[in-house]
Amino acid sequence: MNKLKKQKFSSHVIFSTKKFKKILKLKDGNYLTKDESIKLSVQIKDINDRIKFILSLVCDFSTEVSIRFCDCEEMLALNSQFRGKFYPTDVLSFPTLNPEPDSRLQYLGDILICLPVCFNQAKHARISLSDELERMIIHGIVHLKGFDHERNESAWRVMTQLEKSIKKEIIHSMGKSNWCQATILN
């Protein structure tokens, strides 16, 4: 594997500055928005370095990707529109439709991550929010590279194994993720 220093990879990360309402999934399958807000503090350099490392593992060219956090309302609308699923999901990936051949960077596409859903998933799994968000970033990038776990069980196994391998490699090379903190505001 080539070392990151020898590669010229790029990542573009957009972080929203708005407050996110916390969402709770009820036993009946419905969702309730709680009047708490989640404040996200991010170490931009750390996450940029980690994204560049992930891209260096899965791309053989200079790459650009946009990653944005959203709230449940926006994710619900987009998940309904593009997937016909009427609930806010954790991550959606939108591959670029018209890559620019003359660009020095290959634009892979956009990744949209629902912060309140990921916050709840991290809490439920008893892992850090950094770990959960990084898992979603890896998942989104793997989707942008053309993998689709919903195709069939074999595709799910291949994609899941690739994601685990990427996570293992990033921990081995860069340590555990600790690039963000979330605070609940009442």
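The backbone N, Cα and C atoms fix where each Cβ goes, and this holds for glycine too.
Just so it is clear, the model here is predicted, and its values are computed rather than measured.
Pulled from TrEMBL, these are the features on record:
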BINDING   HIS139, HIS143, HIS149  Zn(2+) binding site
CB contacts for HIS143 (Zn(2+) binding site) [other CB atoms within 10 A, all chains]: 21
Residues satisfying Cβ distance under 8 Å from HIS149 (Zn(2+) binding site), sequence separation of at least 6: ALA155, TRP156, MET159, THR160
Local backbone state of HIS139 (Zn(2+) binding site), from DSSP in three classes: helix
Number of Cβ atoms other than its own within 10 Å, given for HIS139 (Zn(2+) binding site): 22
